[in-house]
Amino acid sequence: MAKSNYVPLFETKQVIGRIFFRCIAASIFLGICFIVMYRVMFFPVGGKAERWTWIGLFLSELWFCLYWFFTTVSRWNSVYRLPYIDRLSQRFGKELPGIDIFVCTADPLMEPPSIVVNTVLSVMAYDYPPEKLSIYLSDDGGSDLTFYAMLEAANFSKTWLPFCKKLKVEPTSPEAYFRTASEPVNAEWLSVKVACTHLFLRGRAVIEVITPDSKFWYFLLSWLRRTFWHV
């Protein structure tokens, strides 16, 4: 027996235009019947080459008809499901599983630290129990830029995460949010935006210093420090 406090996690709705799609499918099926009747009734009786050509065309048409039949059946009663993400915690409560999220990067010039920081802050702000959410950054390039960018992001997260939870921010990427959000008359909102702007402006300024001509020497020095000096 269902519980009285049961809440569905999604709602199923029918796709608009199903009747129109079924009418088109019925007309195509009628055309297929006429083609099959034509192939059977007017089968060539003379000439071996003509017969095999006719059979080959007929088998090809049957194959495409079979393909059309299966694709049409799968779309005959199309529906879409509207999820209610906010009900997930209400439904399962403390039974939610732990989640590990890996963010991978390699080249700080091809993948600027600002993009990595936005990604990490975005997943950190997920509406999920924080004690069951672990985020890992895998930097294959071992870049100092990415390392120091993540230190700045860690400091900014102390402001960004409570801000997201309080205002239910969407999207949770700082740059994407402030690019699309309208500015409310709110001192806290403005202070968070100023902190975010300064954070990413500093990151872009460092990247612009490293020109393509100095890219080789930058990675060479980084590799030497990690290999010989272990810093």
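From the backbone N, Cα and C atoms, a Cβ is placed for every residue, glycine too.
Database features (TrEMBL):
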type: TRANSMEM; residues: 20-40; note: transmembrane segment
type: TRANSMEM; residues: 52-70; note: transmembrane segment
type: BINDING; residues: Glu111, Asp140; note: UDP-alpha-D-glucose binding site
Checklist entry - Does Glu111 (UDP-alpha-D-glucose binding site) have same-chain partners at least 6 apart in sequence with Cβ under 8 Å from its own Cβ, and which are they? => result Thr105
Checklist entry - Long-range same-chain neighbours of Asp140 (UDP-alpha-D-glucose binding site), Cβ under 8 Å, sequence gap at least 6? => result Cys104, Thr105, Ala106
